[in-house]
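Q: Among the features that TrEMBL reports, transmembrane segment is placed at 6-25, 37-59, 65-85, 92-117, 137-157, 169-187, 203-223, 230-250, 256-276.
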């Protein structure tokens with residue numbers, strides 16, 4: 001019931017909510033500041049999977065948990081990243097553009113990254129592989145189609161889209177909490193073991209990803225707001241999509257648990273990061289905006 005109906009439907013609703021916050025201008029913005037967008041995409045689509053592969057390989061994880069790490073790093077662009085960038089006083093327009101573009105790219109990159117992880121970490125022990133074409137079609141149907149419908153709603157009924165934005169954000173949060181509870185319940189027998197083994201890995205993976213994003217943005221001389229945005233975007237992953245890939249497409253609850261634990265680590269680090277930013281602002285280190 002969870003994997004067959006509730007999880008795909010919940011993800012579709014969440015992506016519809018993302019779509020209602022997007023417009024064609026968000027895609028066109030890539031031509032306004034191409035360097036920032038390119039750095040964000042490279043950080044999320046290339047550098048983060050490489051970092052994830054290092055963590056998955058070096059910390060003694062079981063093959064299933066190692067694959068789970070690769071699944072979550074392949075799912076760029078969390079549904080809440082735009083709001084977090086706003087709270088962190090980053091460049092919200094850049095964040096929205098990255099969300100829009102990555103929603104299109106990951107449909108094709110997720111099966112490539114996941115299949116490599118399956119072959120590398122599980123080898124002949126796995127009977128599951130993601131056919132690239134079929135998987136891309138499924139991801140397109142469950143993520144991009146709802147996004148496009150949401151964009152159409154915003155284009156033709158802008159007032160309605162603005163009106164439902166707050167309720168939709170609350171619904172997205174509620175749906176994700178329910179998904180997390182359901183996955184935890186399914187893994188309840190081994191939950192303590194999972195938290196002990198993959199919890200520290202996901203925490204430091206997320207922390208390192210955020211730091212890496214900030215460093216790369218600074219090296220390429222992006223401004224402060226853009227640097228903040230890249231740091232947040234590289235660290236925040238779409239855990240709901242990760243759970244969908246693991247629980248529905250791979251039919252492997254052990255792989256799915258990594259996405260849930262990563263979401264907990266991600267939110268903890270984001271909370272600490274926001275508090276640090278506000279503390280700096282209170283000290284006068286940052287310019288208030």
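Just so it is clear, glycine is given a Cβ too, placed from its N, Cα and C backbone atoms.
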Q: Under 8 Å for C-beta pairs, could you tell me which stretch among 6-25, 92-117, 256-276 has the largest tally with the transmembrane segment (169-187)?
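A: Stretch with maximum Cβ contacts: 6-25.
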Q: Considering pairs 6 or more residues apart, do the transmembrane segment (137-157) and the transmembrane segment (203-223) have at least three CB pairs under 8 Å?
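A: No, the transmembrane segment (137-157) and the transmembrane segment (203-223) are not in contact.
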Q: Counting Cβ pairs under 8 Å that sit 6 or more residues apart, are there three or more between the transmembrane segment (256-276) and the transmembrane segment (92-117)?
A: no
Q: Let me spell it out: take the transmembrane segment (92-117), skip the flanking residues so only those 6+ beyond its ends count, and list any with a Cβ under 8 Å from a Cβ in it.
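A: Distant Cβ neighbours of the transmembrane segment (92-117) are 15, 18, 21-22, 26-27, 29-30, 33, 36-37, 40-41, 44-45, 49, 53, 56, 66-67, 70-71, 73-77, 81-82, 85-86, 129-132, 135-136, 139-140, 143-144, 147, 225-226, 229, 232-233, 238, 241, 245, 250.
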